[in-house]
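Colleague: Sharing the features that TrEMBL gives for it:
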type: TRANSMEM; residues: 6-29; note: transmembrane segment
type: TRANSMEM; residues: 293-318; note: transmembrane segment
type: REGION; residues: 344-370; note: region 'Disordered'
type: COMPBIAS; residues: 349-364; note: compositional bias 'Polar residues'
type: TRANSMEM; residues: 422-442; note: transmembrane segment
type: TRANSMEM; residues: 476-495; note: transmembrane segment
type: TRANSMEM; residues: 515-534; note: transmembrane segment
type: TRANSMEM; residues: 540-559; note: transmembrane segment
type: TRANSMEM; residues: 566-589; note: transmembrane segment
type: TRANSMEM; residues: 595-612; note: transmembrane segment
type: TRANSMEM; residues: 652-677; note: transmembrane segment
type: TRANSMEM; residues: 683-704; note: transmembrane segment
type: TRANSMEM; residues: 716-736; note: transmembrane segment
type: TRANSMEM; residues: 768-787; note: transmembrane segment
Amino acid sequence: MGTSNIMVFMLIITSVFALTTGDLIHVIVEEGSFSDTMTVSLNSTTRRIFVFTAVSSNPFATHVWANETKHNVSKDNPVVIVVEQDQDILEWSIPLIMETPRSNGLILFNDTCRTLCNSNLLKGNFSGVQNFTVSLSTSSPNNVTVSLKVVEKTEFYLATNQSRHISTIAPGRPQHFLYKPNGTKNVGIEIKFTSNNNTCFNTCFTAAIQKIKCPVYLLGELFFLDGIRQTIGTDGTIRVNMQDGQFANGFVLIFVQEETDYLCKKRCPERAIFGDSPVVTIEIKETFASDEYIYIPLIVFSCIAAFCIVHCFVFYYLEKQQQSKLLSNNNTDSDHHQVENKVYEETNRSTGNNTIDPEEQNNQTDRHQDENEIVEETNRDHENNAINTEIENDQRENKKFWKTVDELCKNFKENKEKAHSYFSHVTNIAIFYGIPVVQLAANYQKSLNATGDEDICYYNFGCANPLWLLSDFNHVQSNIGYGLLGISFMVIVYLRQRVRGEQQKGIPVYYGTDYAMPVVLISEGILSACYHICPTQKNFQFDVTFMYIMSILCVVKLYQKRHSDITLSACWTFAILGCIELIAVLGIIFEESQIFMVLFVVIAYILWVYFIESKFFYLRSGLTKLKEWIISIFRESSYTQINEIAKRPKRLFWTSVVFVNVLSLVVLIGAILLFYVYEIIDFGTFLLMLLMGNAVLYSIFYTFMKICIHKEGISLQAAIYSVLSLVLWGLAMYFFSDKSTYMFSSPAKSRSYNQECYVGNFYDKHDIWHFTSAVAIYFTFMFLLCLDDNIADKDRKEIYVF
């Protein structure tokens, strides 16, 4: 009691000689009662001091409120509350004035509560007895009535693997709790709030982690300058690295309910939060430390690298076998031609010489018989390998309509340089686009580490495993598959080029686009990793830019196989991609008007289908230069051309193909629009699905024409790769559709999508999407590479353009 008496005496001496408007302030000191409501009346000449003494290891919360019906408390003459304990002091006032973030208005709260931070209690130097005072004063000349209640916080200490339910948090009543580890290295704090409305949040909280010290910053600017914090609407998770120096001895967990719900939602109107407080459920769970889960990414890296090495060796072996078979077939054809030429020459010599020895004539007759047998055997082989008579007749009938691949090889060197320009352009774009992306991603991570504001990045906090300087290492590391598989595909292209070289038969091969494809895949892995360092709506383009390029490049690669003479150059292709990228950026900037952007894209795409695809995919222009082809679009109607084609024998089928494929595009656009209206995908993903859908439809068309119309068949490798890619794409889309974040809303709403880890307590479903999509893209590239291997020994005069 000695310390308490000294404090009361000093307060009385100080207050007696204090003057307010010339009058003495009367200080009334009395002993406080715990857990009882004390109604206090005071004015500018009266100050009330309550002295509290307790033997407890728990802190005490001071609850002060005013009767709102009497309106006896105003912001001009507030009631000031001061709580003092040893060297710690806490001060606030009622009404508590808070500014709204949007309307620049003020909201007054007459119900407040604070818990004084006891330094001795936090440091573990507690002696057993607590003495503190609560002082109430006001500058109002009229009597003001407030209520006071001091309550012991019996649930102040948090423990691992224990749930805690709290229902006393309100905008004017922030709460804080203490957690001290018992050998725990990493913890994840799961926070859940009850909500009666699933559309718009009823609550909006800011949860913060601060190091153990006094004072604890609950409100004001200092609150946003210390520790880590995030806004939470219904669900949230905060991961704390206990090995970090500032949290090695534990931390203070703070909850502040925002005065409005604007921060927690984006599309719902802002409103003030009043009424009963929701129930807050807190549970602290121990998670893996960085030194415990580092072996998981190492195992994954080793598995992917081993697969790439094995596949390269298998592919090289198959290529050697295939090349040996091709050389054997070419030698056999060459021998047959030599035999035929020799027979022809000897026949001519025998005809020109009238005097021939009988014995020599018999020998010539025997040789002629042997050679005739070889010729007959050759003819039988040709007959066995001949195409069906009906198909041959149809091809003869359409010979003037169909161009052959042999006609495209007249400018082979020029086409080869055009294909190589794709590799050089993609490489330059990757370098100059990637460098600032890496720099910006590093700045995002630095900003997050410096400010502790976890609203900057849209992580899946339920499975965000930090390592080194990265807050979400697993989502960055899971992109390793793109890089390793891209390197593997580049090696495979090199092996094919080394084994086969430039063939004189089959589809002309231009390795420039083949080398460009793995560069795009590697770049996608790097940029996706940079994006996942701190995923936001602002840097979402990092993740999809090279997916745009990849979709277009697949179409170019496939189209180049039989249209190398009119394939767009790399300059034109990337100019078109630049326009697409600009549309994507505008769609993100003008988010509120995205419906107009979508309509613009759909209209432009329909025009592209009508004018461009009708020329490229189905109609034979007869023009060898792209400039002439573009001019011809505006000189004649595609509709007239389709009617003209339909009048030709058996051309009506092609008209049906045109409309069936266009109908497929309409269905595709309709499905994408349906998803977009329900906000399942964003504008950038909308464009990506449009480009990928176009690539898929053209692949289907090419394969259909190759197998069903021209009876060319398909290689076994291509068939296997196509099946594998389809299966993996289906699996990848399953994991992609199950979102764990949603960056096109508020951070609080995005956290309601957060999920726990799915594999090994380290990877979530989005990580599995990275792995499966990387392998799916890899097998898709392999399918495009091996698609025409079965006609590699076929004369180019017999391979038609379509």
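Just so it is clear, glycine is given a Cβ too, placed from its N, Cα and C backbone atoms.
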Colleague: Are there residues at least six beyond either end of the transmembrane segment (476-495) with Cβ under 8 Å to its Cβ atoms? List them, or say none.
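Modeller: Contacts of the transmembrane segment (476-495) (Cβ under 8 Å, skipping residues fewer than 6 from its ends): 297, 300-301, 304-305, 308-309, 311-312, 315-316, 319, 470, 511, 514-515, 517-522, 524-526, 528-529, 532-533, 763, 766-767, 770-771, 774-775, 777-778, 781-782, 785.
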Colleague: Answer with yes or no whether the transmembrane segment (515-534) touches the transmembrane segment (422-442) by the criterion of at least three Cβ pairs under 8 A, sequence separation 6 or more.
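Modeller: Counting Cβ pairs under 8 Å, at least 3, so yes.
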Colleague: Which residues of the same chain, at least 6 past either end of the transmembrane segment (540-559), have a Cβ under 8 Å from a Cβ in it?
Modeller: 422, 426, 429-430, 433, 437, 441, 513-514, 516-517, 520-521, 523-524, 527-528, 530-532, 567-568, 573-574, 576-577, 580-581, 584-585, 588, 616, 682, 684-685, 687-688, 691-692, 694-695, 698-699, 702, 743, 777, 780, 784, 787
Colleague: Does the transmembrane segment (716-736) reach the transmembrane segment (566-589), going by 3 or more CB pairs under 8 Å (6 or more apart in sequence)?
Modeller: no
